[in-house]
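Features of the protein shown, as given by TrEMBL:
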- Asn7, Trp8, Lys9, Gly170, Ser201: substrate binding site (BINDING)
- His93: active site, electrophile (ACT_SITE)
- Glu164: active site, proton acceptor (ACT_SITE)
Amino acid sequence: MKLIAANWKMNKTQREAEEYVSKFLPLVKDVTKTEILLCPPFTSLCKVSQMLEGSNVKLGAQNCHSEKKGAFTGEISTVMLKDLGVEYVIVGHSERRWIFGESDEIIHKKIVACLEEGLRPILCVGERWEDREAGMTFKVIETQIKLALSGLDAFVSKIDIAYEPVWAIGTGNPATPEDAQLVHRFIKDLVGPVRVLYGGSVNTSNAGDFLRMPDVDGLLVGTASLDPESFFQIIQASENHHQQEEGG
Ligand SMILES: O=C(CO)COP(=O)(O)O
């Protein structure tokens, strides 16, 4: 099943999150062929978790710490996330890699922490523009994945990967669906059967084009997920795609 995930990043107060979810749930109530995920900031997880109970929408976090508890001021553990009803965790988003200096080694530890707690990590990988220009896209992706998933071959079915080219995030300049397809294929050839999402300037007009690619198994949506209507339209694109596939 395709996964359409919203990464709200550092947006929405608790009240705004509440307004969003109350508009969103009725819109998506008949969605059955697509897995839907909301990843609000930590401060809204509790409220959103209560509102999603019994619905067809799952809850994710945008980050976690690699240790279960201890003297780590300002951090949130996978145990705490699990306790709130979180099922997914975005790990290694480029905004954490490049702004906060999160290393592949830390990302690996966070993935292990998620797996130990029964949370499903969404490992984000992606090249910078200078990597792409230097013809290093595949090498960068390969290195990021090998380091993050080192020793975890037996667990790939419990992990999703998101290909998010850094230059495409929040720029209005997405990768072409064909370029995304090439990288997604490369990732599956490297890792084995794994669900690979595309992220980076996905919107209501281009979502369907990405989902038509054979190895695009879902989308990780930032800006266009902040409005319940537009995020719903992206989910609709996945439902439509599924129907067309079924129709032959
Ligand atoms: O980073 C992203 C999702 O994790 C993508 O963000 P945008 O959809 O705003 O480009």
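In case you wondered, yes, glycine gets a Cβ from its N, Cα and C as well.
All annotation found in TrEMBL is predicted automatically rather than curated by experts.
Trp8 (substrate binding site) sits 15 Å from Glu164 (active site, proton acceptor), taking the C-alpha atoms as the reference points. Among the binding-site residues Asn7, Trp8, Lys9, Gly170, Ser201, the residues whose Cβ lies under 6 Å from any atom of ligand 1 are, in sequence order, Asn7, Gly170, Ser201. Proximity to Glu164 (active site, proton acceptor), judged by a C-alpha distance within 10 Å, picks out His93 from the recorded positions Asn7, Lys9, His93. Note: the CA-CA distance between Lys9 (substrate binding site) and the residue listed as 'active site, electrophile' rounds to 10 Å. Counting only the Cα atoms, the space from Ser201 (substrate binding site) to His93 (active site, electrophile) is about 15 angstrom. All chains included, 28 other C-beta atoms sit within 10 angstroms of the C-beta of the residue listed as 'active site, electrophile'. In this structure the C-alpha atoms belonging to Asn7 (substrate binding site) and His93 (active site, electrophile) are separated by 10 Å.
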